[in-house]
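S.K.: Can you read through this structure? Questions will come right after.
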């Protein structure tokens, strides 16, 4: 596939690095990026320096015969104009744009169509991050929750702790503990090293476990791996940006929400838009303010400003003063592994969340959803099976008969309204939504090839 990526920031470069290793022809365009030459030398891709909204630059980048244009510059307006150019001048078949401005998003149905601004898929990082955070709050104790198949199937990452019924026992004991609930353990990380899950594997405290199940069973299964936490009811948010506002808006009807914003004008505006949230104009590093607002009774402290260092420091302070959980928004991916799992419980990366959404539109085959896991190392894909026993490599075959590379696990599938956890004897049928776990994203081309029907399939 020939793909043009506009914007060589964190998202653009990470997307290029993900796709270039999957036998794609990648061209990266940016106006001024010191990384361009380095990226070209490091990876098998082409770079073009110039304005991403310039017809000449797009022509030089090969827009005339590109299969896909992905506009992820820092400017919504440049992204929109670039997609317009791709549609009007070059007939680029598929156009994806990152749009951040909430005013544009509120009018998306009227604005973004082929009669107006021709964008096929919108990516809104702020909305995606808001979704991610609210999922984590809905499942206290989870490190990551990703939904698939119309939210019927979920992949969940948790830490095993003493108090979980399965801790100290073999995985095979799960069926004895919960005979009416099915799930599959996809991976175990122990002391940072992966362990292949087997029935005889003993679950140890501190293990990071990734499992797949019907969404309705998440909490029951988490209770086997750790002592279930009470629902979060008291939430304190730091920051007044779109993410902080979005999270407060979603939570204020079900939780007691307090929000701290340093800028007085922004605090006033937020107070008017969030009638059930208590908004403070103040500094989250002010210990007196935190004490006055009973930080020791806060269930989860969310540091969601645009400043990584400020987020980290305020979360560390909040935990020291008694907050039960701390979650931070982190822009720099390098920071995440340094801080998560220590004093700070969860770090959320807008870049990784955005990359997941982009990959769902870029992957070959009938891919419906993608989630990056373990901060970009692993991946989960929801893909639809097409064809029949004569035209497909998988339809009509038992899962146990498929020759899957090491590290690829078929976890579950949705057939009609039924969630089926993958077992060796399950036969894949046409139209099944299949959720696959890849411990190494380098195996993505193998999955795309496996699910591609033959040329005779109509």
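Cβ atoms here come from the backbone N, Cα and C positions, even for glycine.
So Swiss-Prot says this about it:
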type: BINDING; residues: 7, 8, 9, 10, 11, 30, 73, 74, 98; note: NAD(+) 1 binding site
type: BINDING; residues: 234-262; note: NAD(+) 2 binding site
type: DOMAIN; residues: 1-123; note: domain 'RCK N-terminal 1'
type: DOMAIN; residues: 143-227; note: domain 'RCK C-terminal 1'
type: DOMAIN; residues: 232-348; note: domain 'RCK N-terminal 2'
type: DOMAIN; residues: 368-453; note: domain 'RCK C-terminal 2'
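Describe each of these features in terms of where it is and what it packs against.
M.R.: Listed in sequence order, 7, 11, 71, 72, 73, 76, 79, 123, 124, 125, 354 are the same-chain residues at least 6 apart in sequence whose CB falls under 8 Å from the CB of residue 98 (NAD(+) 1 binding site).
The number of other Cβ atoms within 10 Å of the Cβ belonging to residue 246 (NAD(+) 2 binding site), over all protein chains shown, comes to 20.
Counting residues of the domain 'RCK N-terminal 1' (1-123) by DSSP class, helix then strand then coil, yields 50 helix, 27 strand, 46 coil.
Counted with DSSP, the domain 'RCK C-terminal 1' (143-227) comes out as 18 helix, 35 strand, 32 coil.
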S.K.: Pop the mean pLDDT for the domain 'RCK C-terminal 2' (368-453) in here, whole number is fine.
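M.R.: The answer is 91, the mean pLDDT of the model over that range.
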S.K.: Counting Cβ pairs under 8 Å to the domain 'RCK N-terminal 1' (1-123), which of 143-227, 232-348, 368-453 comes out on top?
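M.R.: Answer is 368-453, with the largest number of Cβ pairs below 8 Å.
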S.K.: May I ask you to report the DSSP-based helix, strand or coil state of residue 262 (NAD(+) 2 binding site)?
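M.R.: Once the DSSP labels are grouped into three classes, residue 262 (NAD(+) 2 binding site) ends up as coil.
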S.K.: Need the DSSP three-state call for residue 254 (NAD(+) 2 binding site) to compare against my parser.
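M.R.: The residue in question, residue 254 (NAD(+) 2 binding site), is coil (DSSP, three-state).
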S.K.: Centre the Cβ atoms of 7, 8, 9, 10, 11, 30, 73, 74, 98, go out 8 Å, and tell me which other residues of that chain have a Cβ in range of the NAD(+) 1 site.
M.R.: 6, 12, 13, 72
